[in-house]
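Copied over from TrEMBL:
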- 513-678: domain 'SSD' (DOMAIN)
- 514-535: transmembrane segment (TRANSMEM)
- 547-571: transmembrane segment (TRANSMEM)
- 577-599: transmembrane segment (TRANSMEM)
- 620-643: transmembrane segment (TRANSMEM)
- 655-678: transmembrane segment (TRANSMEM)
- 724-744: transmembrane segment (TRANSMEM)
- 841-860: transmembrane segment (TRANSMEM)
- 948-968: transmembrane segment (TRANSMEM)
- 974-994: transmembrane segment (TRANSMEM)
- 1006-1026: transmembrane segment (TRANSMEM)
- 1046-1065: transmembrane segment (TRANSMEM)
- 1077-1102: transmembrane segment (TRANSMEM)
Amino acid sequence: MPDSYELLTELCPGFDYGNRSLCCDAAQLRTLKGSLQVPLQLLSRCPSCFFNLMNLFCELTCSPDQSQFMNSTKFSGPNVVEVQYYVGKTFANAMYNACQDVQLPSTNMKALSILCGKDAKDCNATNWIQYMFTSFIAVSGYTPMNNKTYACTEGLEDGSGPCSCQDCVNACGPKPVPPSPTPPWTVFGVDAMYFIMWASYSVFLLIFVGVVLGTWLHATCCETLGERFENLLRVLFSCWGSFCVRHPLSVILGCLVLVTAASVGLVYMRITTDPVELWSSPSSQARQEKDYFDEHFGPFYRTTQLIITTPINKTFIYSPYFGGANVPFKAILFNDILHQVLDLQLAIEGLVATDKGQNVTLQDICLAPLAPDNNNCTILSILNYFQNSHSVLDHSVGDEFYVYADYHSHFLYCVSAPASLNDTTLLHDPCLGTFGGPVFPWLALGGYDDTNYNNATALVITFPLKNYLNDSDKLDKVLAWEKEYNYSNPNLTISFNTERSIEDEINRESNSDISTIVVSYVIMFIYISLSLGHIQSFSRLMVDSKISLGIAGIFIVLASVSSSLGIFSYAGIPLTLIVIEVIPFLVLAVGVDNIFIIVQMYQRDERLPHEELHQQIGRILGDIAPSILLSSFSETLVFFLGALSNMPAVRTFSLFAGLAVFIDFLLQISCFVSLLGMDAKRQEENRLDVCWCVKLPERYEVKTDGFLFRFFKKVYAPFILKEWVRPVVVAVFVGMLSFSIAVVNKVEIGLDQKLSMPDDSYVLDYFNNLSEYLHTGAPVYFVVEDGLNYSSLEGQNSVCGGVGCDNNSLVQLVYSRTLCIFYQCSCQIILMSSVEKGDQSFILIQNNLILYFCVFWVLIPLSSCFSSSGHAAYATAVDLYPDNTGVGATYFMSYHSILKDSPDFIKALKMARTLANNISQSIDHKVFAYSVFYVFYEQYLTIAHDTALNLGVSLLDIFVVTTVLLGFELWSAVIVTITIAMILVNMFGVMWLWGISLNAVSLVNLVMSCGISVEFCSHIVRAFSISVKKNRVERAEEALAHMGSSVFSGITLTKFGGILILALSKSQIFQVFYFRMYLAIVLLGATHGLIFLPVLLSYLGWLKKHSCADHMITLSEIAISIRKKWIFQLQCNLEKNSTHLICLLQCVYFYL
């Protein structure tokens, strides 16, 4: 019959027996076709495998030579019920060899895992035949069927090509040899950086000692443009300071109005907590790729996950009834434990949350890939092997003597064939999850070795939830349900994490640390208020104290911070937690230092004859304001240049910090100077501090220097600058520098996510268990951008993984390249993986392609069309053009291997991008790799470069500003820059010693340390520069005595007390990145500024000789004395001038 012949040629291509009669009819052929649908669909990817398998069954059904290899053994009337089919071992082995590597991409496993009744790695030719038939025995008297077979590397006679590399290992050719890891850089068996720096340090010591013993540097005296510029600044600030003291209310009111106007912008303040917005620039590659993925496929699903262990430490030995080795089962797989876990899982499924008065259940928000045909939620749990049912879990087959099959045998079968619809045990229960997809054991089990899943010590239950990009109402429902997610069980150890857990814990951490931060600032405020005053005697305690002035100075610092925040809030720039936590600390450090310098310079100064208070403060401000301008302007530019960073968190911090420091400088030289004048008048009138209305009787007191100033002047400075101490100081600090350079490349890059959690956070347990138990990392998607022509053979073959596909196609490259060691090497294949291609000329043209996709996507996995059903695995993987007119972007999914720490994540990102670039070049089309964590770890690919750039630009800025504001003293600017560079390099040494990694948070602190270091150095260098002492040592001693005590009592002691409190914080990130780094900044800044810098100046400081003779007063002192007299004579005439501007112009004109 024609239809029978067509059916025969369809099922048994190549079987042509001429005119001979066959041993089958049309009914038998139809039965054969129906019985072999699943194996044919699973194996048809490989033509030779398909041909060999059909050879086996076609010979069994239709061969006219059946008597040679078949023996009928059981009959039922005229019907044959049982036969013995003798298959030759050569044929069986060849058939197995051709099929053993055929993949089932939608389940990420080999086809034989389903067709052999056990895991593919345990399958062989014998037990495959035994699985399909009853037994496999050797016989005599018959000729076994040994038809011709085709290896998977061979093409068929009908023109079909060999199997693809993915389905035939032998077709792949030799694998590329993975590059050997770069050997460590050593010299004579010692780390090269250690060797180089110790050698350099030794050479430096030799040269330094030689220079100290043999030569002295000298400089000539000359009047430069820089001196004129410096004196101009002195005159301008002197006149300005006098004006502020004479008109305090006007100045204070003006400052208050401006600060209020700027601070009103806080009503527009927005705080960004979205980690993507914080750490990933909108223009970065990872951010653009994420946006592309979200736009075409929707945002990555939200993950809610439990990791469950048990304190019970027992093992049950399971003995299979039908033979086989004993199998140990750990306690977590005991039946009673599984029932408790199932109760927990069902309770979570039944959890009800409330959002805006509406109930929210898991069914409302879960991922259901087969909806609307199957609305069951995706739950990746081994309990899905038992259909999430207590009765199925207890299902067993046996009698009163033996149990033939129970949950043990079903578990062992399902971990080998998780997509099976019917296990081969007597239970005949399905393994496929209730949601219509397989549950891979490496996703649902943890703590096992190799693939011995029965040794698992942890269960992993994952609930993928829907995510929404621009629908806040739907997202709020998901958030509400996640918030309710919390369970415990006395017999189980449960660690869990929801998508919102980290953000919730960070917010809780921030709230809990408020008290610590407040205590830290209160301590600094109290110290500032009490230590500003210089108490002459106990009777004048409340007169000489400056509590009110200290509080006013603190409010000025806070006003500068609020003004900066308000101005940028006007501009719509959102704040970050880093800005809120770090900038007050920074501005307080800068502001307090300047406050102490101004106040202590006034306390130590003697008013000249016929000089009024406003003239005295103006003169003092003229002396010290250029130094304050130098430090503040340098810091402002350092931070503004830091805004060049691509990292949003660093850029935002730099903008806010730069403006806050600049506003603080303006308020200090205006508002604070006016307040100082008012406080000085109060003190001269013997009025009490705080209670200005109370006045003490007039009493003469001898003015004395403070203890700290006397200590620095009489003890500390002379000791540090002794002849034998100075070389020791240089040797020690250069040794510290050499060590830090040697380890700078060893500072770890990244941020351990555990550090972001409080010490008592439940998420820490989850992170620990994640590293200990899980065996699979995050999904990774290889996204093929829109534009590839899938309607052409070339377009299809460039991405597919089956027969006829290019050897360098996307799937082949992901599957076979050495880079795949970082992935589970099977990818979900979207295109052509399930299409039966009879010959090389088979092309899915445009219309048929779309038709195939439409059918492919709507089919759900059933026994009749399992491998051709794409709805579950690929429903979101293809972005069709409008009206289904073509195929746009697509993705191919795989998994990263387990990633435990930052280096793992960074390396995985690098390798994924390398592989994606190779694929793009191979198929001549843009392909990129995307995973949910890439946007957070991309910054670490360039963090070293960004750090070097930020700090290098900051140092250059400091050098330029210092050169100009020190009167174009180039050498002094070099010394400041070198000292600050040493502080920064030593910061890296501390980071390595203290286990502080390099990331955006530590980069912010490094930029801040660069700015704060200016405070430790610039004042002392300028004091050295304007000193009129006759040699470097005396100048350095004077600068250290006068400015060192202010720097020590100001920025050093103030910050030291506040920093120590941060050690009590529960937040690990506070302890590591704030307490440790802040402490290092202050200690390194203080030691370099108060120990190393004076010594360096005593050796290399720029020396301008002013003396006419050793015992005569210097010309500079005479000039300064005359200039002061003339300037303040003009200031006395200010009252006669109509405006301050006229006086200012007179001062400048007269001086020039």
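Cβ coordinates come from backbone N, Cα and C, glycine included.
Because TrEMBL annotations are produced automatically, they should be read as predictions rather than curated entries.
Contact between the transmembrane segment (948-968) and the transmembrane segment (1006-1026) is supported: at least 3 Cβ pairs lie under 8 Å, counting only residues 6 or more apart in sequence. For the transmembrane segment (1006-1026), same-chain residues at least 6 beyond its ends with a Cβ under 8 Å from one of its own Cβ atoms are 230, 582, 586, 589-590, 593, 597, 623, 626-627, 630-631, 634-635, 638-639, 642, 650, 653-654, 657, 661, 947, 950-951, 954-955, 958, 962, 966-967, 969, 972, 975-976, 979-980, 983-984, 987, 1035-1036, 1038-1040, 1042-1044, 1046-1047, 1051, 1077, 1080-1082, 1084-1086, 1088-1090, 1093-1094, 1097, 1101-1102.
Sequence-remote contacts of a segment are chain residues at least 6 beyond its ends whose Cβ falls under 8 Å from one of its Cβ atoms, and for the transmembrane segment (1077-1102) they are 212, 217, 219, 585, 717, 720-721, 725-726, 729-730, 733, 969, 971-972, 975, 978-979, 982-983, 986-987, 990-991, 994, 996, 1002, 1005, 1008-1009, 1012-1013, 1015-1017, 1020-1021, 1024-1025, 1032-1033, 1035-1037, 1039-1040, 1044, 1047-1048, 1051-1052, 1055-1056, 1059-1060, 1062.
The predicted model assigns the domain 'SSD' (513-678) a mean pLDDT of 80.
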